[in-house]
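Visitor: Mind looking over this structure? Questions follow.
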Amino acid sequence: MTHILDDLSFRGLIQQQTDEAGLRELLDKEKISLYSGFDPTADSLHIGHLLPILMLRRFQLAGHRPIALVGGATGLIGDPSGKKAERTLNNEEIVREWSQKIKNQLSRFLDFEAEENPAIMANNYDWIGKMNVIDFLRDVGKNFGINYMLAKDTVSSRIETGISYTEFSYMILQSLDFLNLYRNQECKLQIGGSDQWGNITSGLELIRKSEENAKAFGLTIPLVTKADGTKFGKTEGGAIWLDKEKTSAYEFYQFWINTDDRDVVKYLKYFTFLSKEEIEDLAEKTETAPEKREAQKRLAEEVTVLVHGREAFEQAVNISKALFSGDIKQLTAEEVKVGFKGVPSLEVEKADELPLVEILVQSKLSPSKRQAREDITNGAVYVNGERRTDVADVLTADDRIEGQFTVIRRGKKKYFLLTYK
């Protein structure tokens, strides 16, 4: 079996390590506990969180015990890492609600019922929330020199623009997390994004000062980049969320299927559990026959199934095929709802007579009745994927998909959705 560190190295998943030889020796001798933290800054995790989540999963598959730490306390403070300005503070009730949602999402990726190495879910509010300010300053704060903290990138990058004491103290709170998990869960490794290096090394320093003969390690993963220079995980519609109510499985699938040839092999290494041989085979196919997009198809399948399940993946493929071929009628009402999310729509009475010309004008697909008639005559108008060329056409019950939707298209890309009361 490939050593976990060798597998991570092949995948390009190690940005920095505090002590590579020491960590390798530890992993050779014993199964360890490790953690990564997730602050509830929204009501869902997004694909930027996938790498650390999958890192925990990789270690669990290798026999180690992952700890997913939800930042119920640190989420109330705000991490300055990578931020140019102060975060807006959220209230306790919202953070508690978001923490629960994130817990539920994490349970889809980690096995909390495993016999030998079940994952652990922790919330740092359980220890930070109970600590009074005197204990915090005497027992924890005294271990941190101001010059040491000012030298950290997360702080130094904000000195000119300004940083509050609240965010300045975030590093200490995260360090306290590592110390608490080290003491109570024998956690010896923290994993985080490359922007967390300063916070991780601060935690190691606190452990070293607080515990005799301490052995603890830190490892960061790279920032995910795109070859075209745009930000990974963002589209015109915003962030790609792991919650299907915020980003549908179809939208999620489309994000991955549209991966640039220059990025696809890297993402296969980062986001899938395919073997080295399978990835190298897909890399060769991308090189020799890029038009077939086999690597993109496999990437989209692996990640969509991982996040949303096999059924949602198959639905996403079905929607994609229907939209590509124009065969809208073969979609179910649920698939239409998912596939045309965000498309302009109009709700009408089922009993209404709906002349196609009037619908084109009401929907603003055509600017006038005259233009609408011209569009129909020229064969530019489609109802559920079927071309309509009769200007006297009236939409009937037969044009409703499961009685709920009619999809109107003008030209190649202008869609409109009719829904029925």
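Keep in mind that glycine also has a Cβ here, set from the backbone N, Cα and C atoms.
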Visitor: Between the candidate ranges 101-105, 201-205, 226-230, 231-235, where does Swiss-Prot place the motif ''KMSKS' region' annotation?
Guide: 231-235
Visitor: With the ranges 40-49, 90-99, 160-169, 280-289 to choose from, which does Swiss-Prot describe as motif ''HIGH' region'?
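Guide: From Swiss-Prot, the annotated motif ''HIGH' region' range turns out to be 40-49.
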Visitor: What Cα-Cα separation, expressed in whole Å, is found between Lys234 (ATP binding site) and Tyr170 (L-tyrosine binding site)?
Guide: 26
Visitor: Over the motif ''HIGH' region' (40-49), work out the mean pLDDT and round it to an integer.
Guide: 89
Visitor: Residue counts in helix (H, G, I), strand (E, B) and coil for the motif ''HIGH' region' (40-49), per DSSP?
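Guide: Counting residues by DSSP class gives 3 helix, 1 strand, 6 coil.
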Visitor: What does DSSP assign Tyr35 (L-tyrosine binding site), in three states?
Guide: strand
